[in-house]
Amino acid sequence: MHSSLIKLGFLLLLIQVSLSHAQLSPSFYDKTCPQVFDIATTTIVNALRSDPRIAASILRLHFHDCFVNGCDASILLDNTTSFRTEKDAFGNANSARGFDVIDKMKAAVEKACPKTVSCADLLAIAAQESVVLAGGPSWRVPNGRRDSLRGFMDLANDNLPAPFFTLNQLKDRFKNVGLDRASDLVALSGGHTFGKNQCQFIMDRLYNFSNTGLPDPTLDKSYLSTLRKQCPRNGNQSVLVDFDLRTPTLFDNKYYVNLKENKGLIQSDQELFSSPDASDTLPLVREYADGQGKFFDAFAKAMIRMSSLSPLTGKQGEIRLNCRVVNSKSKIMDVVEDALEFASSM
């Protein structure tokens, strides 16, 4: 009996440790896998040779991951019989991309450091490296996240901002996930300084804004004409349009210059400057438009805040071996099975 009590006490301690939250740290892989950063960079550089927009796509993947149950790589999971993938959510279907690049990155990392780097951390690192490769700021990514054991499609539909959102709707979505500062919203929206968007997401702005039969009145007339040529009323709505008409592949502050000139591509972007409720966001748009350094600093800080949202840490979740599927047996299940075994032996 005494031996059984010792075993039970040890088991309870193990469970307590397993469910505890460890601290995210930029030095998390310094000893266990310092080469992960070089592997991420090399993989993205190779992908950029054939796909100039992949850096923007990877940043978007990380953003959409963090907005759904925290940064847990749930967006990378494929469909299973027990859950629907977040890839099928409205904000991701036929638009989220870059999964194959993350797959290649993960395979290389597993070869160099087996069972060490989580997919959640890898996506956070890849997002940072993507921004740097496009000319943007660098920051030390806090690592130590674990990967989720399932996807959350319904939560993705509830949490991801939409391109037709008003400013107040945007603020609500950001606040709901823990990003309640105006600088979070304005700086992170600056991720639209590179990359592309599909015509389908701006058709109402161009031809029937708020069911008026007219274009969005905040849209610059010359820019409206340019966009209508790229996205004709009865044209292919999958055609891609640059977010930033000035420097479409560079990560810079021209996104904010565009907003000041009423040349934001999607409604939710222009809302930061043109909405009647923009008293706290408009000054930041002007500040970032006038000073790229201020934008870069704010973006780096906001990325660190976003990437630290509700992480799985310690023994929570798992370190997936393949980012598309959960491991055959999770660490948590190991603990549960040990508990049942000890209980049955008492």
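Heads up, residue numbers simply count up from 1 along the chain you see.
Including glycine, each Cβ sits where the backbone N, Cα and C put it.
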Additional site residue, THR166, THR193, THR313 [criterion: listed by Swiss-Prot with ASP244, THR247, ASP252 for Ca(2+) 2]: THR193
Other same-chain residues whose Cβ falls within 8 Å of the Cβ centroid of THR193, ASP244, THR247, ASP252, the recorded Ca(2+) 2 site, in sequence order: PHE194, ARG246, PRO248, LEU250, PHE251, ASN253, LYS254, TYR255
ASP65, VAL68, GLY70, ASP72, SER74 excluded, remaining Cβ within 8 Å of their centroid (Ca(2+) 1): CYS66, PHE67, ASN69, CYS71, ALA73, ILE75, GLU86, ALA120, SER148, PHE152
Count of other CB atoms lying within 10 Å of the CB belonging to ASP244 (Ca(2+) 2 binding site): 24
Neighbour tally for THR193 (Ca(2+) 2 binding site), based on other Cβ positions within 10 Å of its Cβ: 29
Residues near CYS33 (disulfide bond) in space but at least six apart in sequence (CB under 8 A): VAL109, ALA112, CYS113, THR116, VAL117
Intrachain C-beta neighbours of ASN236 (N-linked glycosylation site), sequence separation six or more, cut-off 8 angstroms: CYS199
Rounded to the nearest Å - Cα separation of CYS119 (disulfide bond) and ASP72 (Ca(2+) 1 binding site): 8
